[in-house]
Structure formats: structure tokens, C-alpha cells
Amino acid sequence: MQSLKKSVDDTGNTNNIVSSGLPLDKSLEKIESSKYVVLGNVDAGKSSFVGVMKKCILDDGNGYARSLIAKTKHEKETGRTSTQSSHYIVNNGEITTLIDLCGHEKYLKTTMFGITGLFCDYGLVIVSANSTLEARGVTMEHISLLNANRIPFIVIVTKIDICPENILISLKKKFDYIASKSKKKILYFEDSEEEFNGSYLKESHQILIDSFQNRKTFVMPVIMVSNKTGHNINFVRELLTSIKSRSYLERKGLIKPMNKLSDKYPMIMYIDSSFSVPGIGIVLSGTVKYGSIKVGQKLFLGPVNNTYINITVKSIHNCISENVDTLEKNESGSIGIRLDTKGSFSKEMFTKGQIVTNDFDFAMKNTCYSFNCRISVFNHPTTIMNGYQTVIHCKTIRQPGRFKLNDNQVLRANSTTSLDIKFTRRPEFILPKSIFMFRDGRTKGMGIIEGGIPFIEDTPDIIKKQKKSVKKIPEKKIGK
């Protein structure tokens with residue numbers, strides 16, 4: 001573990017990146033970034049694990065590694081992550097992204113956005129070794145979200161250095177149950193993996209990587225680690241950086257695309273946040289899902305006021321803040337834009353859920369208020385009837401939608417049906433075969449979009465504003 005501690009001074013804080021120490025060889029073949037969402041219950045050690053992976057240090061058992069990556073003051077003080085944040089490991093030109101998400105149930109909508117809107121390839125479920133997995137706990141909810149979105153995941157068991165043997169045995173039984181329910185083969189990595197010829201990965205591990213990537217054999221690796229003692233930390237880091245992204249595997253023909261129509265799509269960049277930078281202007285951050293985007297390219301941004309406005313790309317930065325000329329498929333970054341459409345536009349008009357594309361007609365055709373879908377209701381306390389409203393999470397979209405059912409039709413838990421859903425606020429860009437989630441209170445479910453009605457052929461619902469109740473104050477009688 002001395003190599004871990006030595007590299008602290010070499011990493012620095014520049015761009016929040018940790019490098020493997022190998023030179024970046026630009027002549028190497030282009031390899032897209034692998035993205036992992038880091039999930040798990042509160043106090044499981046997610047941020048500490050990400051801090052150890054990113055900074056190449058060991059934790060002191062009192063939140064030191066976590067404090068190095070905390071974004072806000074209250075996160076440093078309380079240790080509770082309330083926002084999603086991305087952290088990067090650069091290894092010989094390949095970028096591995098760790099997306100640290102919230103573990104508290106209060107911030108579940110932020111976690112759902114991270115899973116659906118940040119286009120991750122794999123998941124890391126962090127479980128504290130000295131805790132129990134409750135059937136209705138947050139960890140099980142996160143696992144169900146990953147399974148619903150067809151995202152393979154690795155289970156990382158932290159705090160293994162302070163775990164009693166009986167608790168670990170009980171935890172393994174829970175993992176066996178989860179694997180059998182998901183029809184996955186479980187693989188345990190308990191003992192400390194030794195380095196051999198400069199690598200912690202052996203032939204048996206390569207078989208694991210291949211089965212994890214091609215998804216023909218469904219596996220659920222469970223790795224025991226300790227952020228404090230360094231147990232299996234180097235092994236996990238090398239394993240994560242060795243697994244290739246889904247985009248790279250599709251390009252190589254090793255796996256089939258989830259959506260067969262994706263080859264016919266134009267360039268699409270999904271926006272997950274926007275900024276107004278003094279001296280620069282509007283900056284949009286997001287992921288290029290299809291095609292590529294270049295500096296100087298003239299594109300369309302929207303939907304903005306039910307249309308798409310003309311923009312020009314002035315500058316591009318990749319996910320590690322490097323100034324680049326191009327963002328390729330599956331790469332995340334930010335673009336500085338110039339608005340070419342005349343009009344009055346404010347920063348508030350550019351939000352998550354919008355897209356940047358080079359095909360105006362394609363964008364208008366797929367911008368809808370209403371869409372047809374097939375849904376499955378996982379949980380609901382009573383019955384769902386016509387007009388039921390819930391929040392739809394689809395890629396970077398997060399907007400209330402209203403169910404359109406027949407008057408005599410009702411849905412209950414474990415129901416599956418086809419229906420129309422209508423957005424209540426504004427039209428959104430949606431594509432067929434997209435997976436979406438809906439959640440509201442104790443209601444949970446998912447669906448697959450089958451098609452939409454272009455908003456120019458549809459009419460928005462009229463939202464009735466509720467009158468504010470004014471409490472009448474009785475007049476005081478003035479005595480004579």
C-alpha cells in the first residue's frame with residue numbers, strides 16, 4: 001500500500017483528476033469513457049470510496065477521503081451527499097468516470113436523474129459490511145433501479161476491517177438472494193488480491209471482465225474492500241479502469257445496441273445543466289449520445305418556447321476541462337454557444353431535458369406533449385385512475401405527466417398496460433424505445449416509449465390555477 005500513499009503528492013488538484021502516471025499517448029485508438037454510478041445507502045462509504053479511488057490515498061476512518069471530494073460546505077460538515085458529482089481517473093488516455101450520487105431517501109429524485117440522465121455504463125453498489133440489507137431499504141431500491149434500466153453492477157462491500165464474521169455471513173445470504181432473484185451468477189472476491197508482473201488482474205479476472213462486458217453471462221461480482229487499510233483497493237481500481245464503455249463495445253461489434261434505430265439518428269447532445277459565465281455567455285453541459293459535435297458547427301437548441309433556436313458552437317471542453325475541438329459519441333463535456341436567433345433569451349430558458357441537434361425537422365417531429373408507452377407499476381398503495389399525475393424521469397427529462405386511461409380502467413401494483421401519458425408543462429424531445437421511470441411518494445414504476453404525437457398536432461392541457469384561500473379577519477367592534 002505504500003504506492004498508494006506515495007502518489008498523494010503527485011496527483012495535485014488540477015482539474016480534479018488523478019492519473020496513473022503513464023503518459024497520455026494520443027496515437028492510441030480512441031476509447032470512450034466508461035461511466036459508473038456510485039449508489040448505496042446513507043453512511044455506506046460511497047464518497048469515501050470515490051475519494052480513495054480518485055486521490056490514490058487511504059482514508060483515516062474519520063471522513064478524510066470524503067472531505068477531499070465534497071462539493072458543498074454542508075457535505076463536508078455532515079458527510080451527507082446532496083448533489084451528484086463526477087470524478088475522473090485517467091489511465092493512459094482512457095477516462096473512467098465515477099458519478100457520486102446521493103444515498104439518503106430525501107434526495108432520491110437526484111439519484112434517479114443520475115441513473116437516467118447521465119448515461120452511465122455500469123453501476124457500483126456500495127454496501128457497508130457492518131449493516132443489514134433491508135427488503136424495503138434504499139440499497140434495494142437502487143438495485144431495482146439499475147435492473148430496471150438494464151445496467152450491470154458491481155457490489156463493493158466497504159468497512160470489511162471492522163465487520164464481525166456473523167454479520168458478514170448474514171450479508172452473503174442477502175447477496176445470494178439478490179443474485180438468484182435477478183438470475184445472476186454471484187462471484188465473491190474476499191481475500192486480498194496480490195500483484196503479479198505489475199498487475200492485479202489475472203486470467204480468471206479477465207474472464208470476469210469479458211462476461212461483464214458482453215452481457216451474455218449475467219454476473220454479480222461482490223468485492224470486499226477497506227478504505228482505511230487498503231484491502232483490495234488497488235485491485236478494484238485496476239478492474240474498473242479495465243472494463244470498456246458500452247459505446248466502445250458497440251463500435252467494436254462485441255455487443256448489440258439497445259436501440260437498433262440509433263444508427264439512423266442525427267447528432268444529439270442531451271443537456272443536463274446550463275450556466276451563464278461572465279465574459280463567455282451561455283455554457284451548456286451534457287452528453288453527446290449520437291454523432292459528434294465540433295467547434296464552429298451551426299446547430300439547433302431546444303425545445304425553447306416550443307421551437308428550436310439557431311446556435312453556433314464557440315468552444316468545447318471535455319469532461320476533464322481540456323479545451324478540445326470535438327466531442328465524440330458517448331463523451332460528456334460542455335459547449336460555449338452563441339445565440340443566432342434574434343430575440344430576448346435568459347439563462348432560465350435553457351434547462352435540463354433540452355437537446356442540441358443538427359436536424360431541425362427530426363427534432364420537431366419527436367418533440368411531444370403526449371406519447372404512447374407500455375408501463376409496469378411496481379408499487380402503489382391504492383388504485384391508479386384516469387388523470388393520475390406523477391413525475392416522469394426519461395433521460396435528462398424530469399417533468400410531471402398525466403395518465404390517460406379509460407374511465408372504467410384502473411391500475412394497481414404489479415399491473416402492466418399500454419396507455420398515453422401527457423406532459424403538463426411543456427413539450428419534450430423523446431425517442432421511441434426510450435426507458436423512463438416514474439415515482440411519486442410510494443408509487444414506483446417504469447415504462448418504454450413506443451411513439452409520440454408531434455406537439456404541433458397536439459394541444460397542451462389547460463392548467464387551472466388554484467385560488468389562494470384568504471382568511472377573513474373579523475372586524476373588531478369598537479365599544480362606545
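Including glycine, each Cβ sits where the backbone N, Cα and C put it.
The domain 'tr-type G' feature in Swiss-Prot is assigned to 31-248. What Swiss-Prot lists as region 'G1' is 40-47, and the listing cites sequence analysis. Look at Swiss-Prot and you will find 40-47, 100-104, 158-161 tagged as GTP binding site. Per Swiss-Prot, region 'G2' is recorded for 79-83, and the stated evidence type is sequence analysis. If you look up Swiss-Prot, you'll see 100-103 marked as region 'G3'. The feature region 'G4' is assigned by Swiss-Prot to 158-161.
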Distant-in-sequence neighbours of the region 'G4' (158-161), which means Cβ under 8 A and at least six residues beyond its ends: 44-45, 48-49, 126-130, 168, 224-229, 231
Set of same-chain residues at least 6 away whose C-beta sits under 8 angstroms from K46 (GTP binding site): V38, L39, G40, T81, D100, L101, G103, I126
CB contacts for G40 (GTP binding site) [other CB atoms within 10 A, all chains]: 25
Set of same-chain residues at least 6 away whose C-beta sits under 8 angstroms from I160 (GTP binding site): A129, L168, M224, V225, S226, H231
Counts by DSSP class (helix H/G/I, strand E/B, coil) across the region 'G3' (100-103): 0 helix, 1 strand, 3 coil
Neighbouring C-beta atoms (10 Å sphere around the C-beta of L101 (GTP binding site)): 27
Cβ neighbour count within 10 Å of H104 (GTP binding site): 15
Coarse DSSP state, helix versus strand versus coil, of I160 (GTP binding site): helix
